[in-house]
Amino acid sequence: MNTSALVIMLTTMFTVTALTVYFFWRVLNAPPKPEPDSYLDNDDEPGRQEHI
Amino acid sequence: MSANKESWGSRVGLILAMAGNAVGLGNFLRFPVQAVQNGGGAFIIPYLVCFLVMGIPLLWIEWSMGRFGGRFGNHSTPYIVDTMGKHRLWKYIGVFGIWTNIAVAAYYCYIESWTLSYVVHSVLGTFNGMDQEGVAAFFNTYVSIGESTLGIPLEAIVFYVLCLLLNTWILSKGLAGGVERVAKIGMPLLIVFGMFLAYKGFTITAGEAGAINDSSVGLNFLWTPDYTQLWSPTVWLAAAGQIFFTLSVGMGTIHCYASYVRSKDDIALSAMSAGWMNEFVEVVLGASILIPISIGYLGIDRVTELVQSGGLGLAFKTLPFLFTQWGEVLGAIAGVMWFGLLFFAGITSSLAMGTPWMGFMQDEFNWSRKSAAWSFGLIVLLLGMPTVLFFHYGVFDEYDYWAGTVSLVVFALCESILFAWIFGIDKGWREIISGSDIKVPNIYKFIIKYVTPLLLLFVFIGALITPKANDWGAALSGNWELDDSSIIKKLMNSGLHRQIAEATDPAVIAQLQDTLFYVNASRILLVVVFLSIAGLVYIAYKKRVREGKI
């Protein structure tokens, strides 16, 4: 590949992949919100129950 | 009380469903062609700028509009926008958010059914031994309906109905049990298939398995930047258009999905995650398959000629032939992966198109989820049959142009004005950052208020009065002759009328006149559908008044 094409391609692909992984990682590591939240799967998780 | 008791299963599921909604056939077929035609590697600069100043703001606008409307029990755009704008007309502008989905699903499910059929044909080895003309002829035979390639009568219709039944059945299972489950299976598989094909796209060697070029030739063709193109308004409009269509904004599906998120839960980070996931599939995977593989086997001149007719031709008329060059087994695997990937990209989008109609019927008329899903399937079948039966008469293209292109820009422009100027940017900003798991940069308050609506206005005006041959230089210097692709000329059927006037062969003239008839008929049909939905919105409004909700 010629240098300018290679530079553009690698910079773009690396940046887009890194940002995709970063934001998904942030989602996976976001602190849990107390119940009731929008999602069914964690309805019964003891740590998420809101204490009134 | 609304019959709508839908909920998402998990946050990751919602993000995958949103990403699946955005990732469509265009990620693999439209983006690489747009890049090649608009400056190669330099195209990525306006593309990413437009993503930052138009794509991300629109994602935040639509997610927060949806979540805001959901708070009042509204899960489709007519009454979501009605809660934000005081004027009674807004709910009729919101009709776009249901109409677009029904009309797009009508032809989109047809393409989806091709991918399903081509998976079957790849497994059966139909393309083995065919030359490129043979594979192209196979596609033409397939869409002409009359002749069956599998021995099944009316094969294209059978696959279309099968595809619709599958969509409807999944929709009837609900958000968590249907849409989200498909996204959780489909998106990872799509990425795995895409990575395999991208690996093949990067490792083609000239002289091996019939290849005439190394991968680097195709990658150079796609990525070599032509910086002079950066000054062309056409390139910026193409980049803005690509960002617009790839994110599925302006459709009403994002509003609908987000309307099931509670106000204390994050939307800003989720929107970023889903948006960048779509970019990964488009820029990293989409750019590494179609063009490098095609050029590896066909050469630059032939591919340059083929991309003039868009990515669909390359995907269905060319790639099946190229895969057979890798041997029977690997060719079949590559075929299954390519069309499987397109199928997953398609179905995760078409499922999203069903949800606004379902949300509307459940909210306003207390329909059960199953009734709403099957009614969607039936309407799409009735509206889609003309695209299947009269494919060669331009019905498919008409649906795509008015519902899949113009309508999106119009609705997005309206919603960006509603959000920033009528609902108010201060209230809107609070909606975006409420419950946010990331710090949203304050500069976006300015961008959402000024830059995004202006950019959308430019995209709309650019489409409305496109100058001849996209020559903006000549147009701006005073010679503004409209191109046949501009909305105004399209509306007047100028291109078709000119072709009829220039034709001399009676058979060609008759074919063009038939096309003109079907084009006008399909427009009338689309208008009737729009007015019917507007009628339902009016009935729902009267019902709300009777029930004391307004």
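Cβ from N, Cα, C; glycine included.
Automatic, uncurated: that is what TrEMBL annotation is.
According to TrEMBL, the features are:
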{"type": "TRANSMEM", "residues": "B:12-29", "note": "transmembrane segment"}
{"type": "TRANSMEM", "residues": "B:41-61", "note": "transmembrane segment"}
{"type": "TRANSMEM", "residues": "B:89-108", "note": "transmembrane segment"}
{"type": "TRANSMEM", "residues": "B:150-170", "note": "transmembrane segment"}
{"type": "TRANSMEM", "residues": "B:182-199", "note": "transmembrane segment"}
{"type": "TRANSMEM", "residues": "B:235-260", "note": "transmembrane segment"}
{"type": "TRANSMEM", "residues": "B:280-300", "note": "transmembrane segment"}
{"type": "TRANSMEM", "residues": "B:329-352", "note": "transmembrane segment"}
{"type": "TRANSMEM", "residues": "B:373-395", "note": "transmembrane segment"}
{"type": "TRANSMEM", "residues": "B:401-425", "note": "transmembrane segment"}
{"type": "TRANSMEM", "residues": "B:446-465", "note": "transmembrane segment"}
{"type": "TRANSMEM", "residues": "B:521-541", "note": "transmembrane segment"}
Item to check | the transmembrane segment (B:521-541) touching the transmembrane segment (B:12-29) per 3+ Cβ pairs under 8 Å rule | outcome: no
Next on the checklist: At a threshold of under 8 Å on Cβ distances, which of B:41-61, B:235-260, B:329-352 pairs most often with the transmembrane segment (B:89-108)?
Outcome noted: B:235-260
Checklist entry - What same-chain residues lie close to the transmembrane segment (B:401-425): Cβ under 8 Å, and 6 or more beyond its ends? => result 57-58, 61-62, 64-65, 77, 81, 84-86, 90, 93, 96-97, 99-100, 103-104, 107-108, 244-245, 249-252, 445, 448-449, 452-453, 456-457, 459-460, 463, 487, 490, 523, 526
Item to check | Selection from B:235-260, B:280-300, B:329-352, B:446-465, B:521-541, the stretch that has most Cβ pairs under 8 A to the transmembrane segment (B:41-61) | outcome: B:235-260
Next on the checklist: Pairs 6 or more apart in sequence, C-beta under 8 angstroms, 3 or more of them: is that satisfied by the transmembrane segment (B:329-352) and the transmembrane segment (B:182-199)?
Outcome noted: yes
Checklist entry - Which residues, given as numbers and ranges, are at least 6 beyond the ends of the transmembrane segment (B:235-260) yet have a Cβ under 8 Å from it? => result 6-8, 14, 17-18, 21-22, 24, 26-27, 30-31, 34, 37-39, 42-43, 46-47, 49-51, 54-55, 58-59, 62-67, 69-70, 74-77, 80, 94, 96-98, 100-101, 104, 175, 229, 267, 275, 278, 282, 349, 352-353, 355-356, 359, 404-405, 407-412, 415, 455, 458-459, 462-463
Checklist outcome for this item: With the cut-off at Cβ under 8 Å and a gap of six or more residues from its ends, the chain residues touching the transmembrane segment (B:280-300) are 19, 23, 27-29, 31-33, 35-36, 44, 132, 190-191, 194-195, 197-198, 200-202, 204, 206, 210-215, 217-219, 221-223, 246, 306, 311, 314-315, 318-319, 322, 325, 338, 345
Checklist outcome for this item: Under 8 Å Cβ-Cβ from the transmembrane segment (B:150-170), and at least six residues away from its ends along the same chain, one finds 105, 109-110, 112-114, 116-117, 120-121, 124, 142-143, 178-179, 182, 347, 350-351, 354, 373-374, 376-377, 380-381, 384, 388
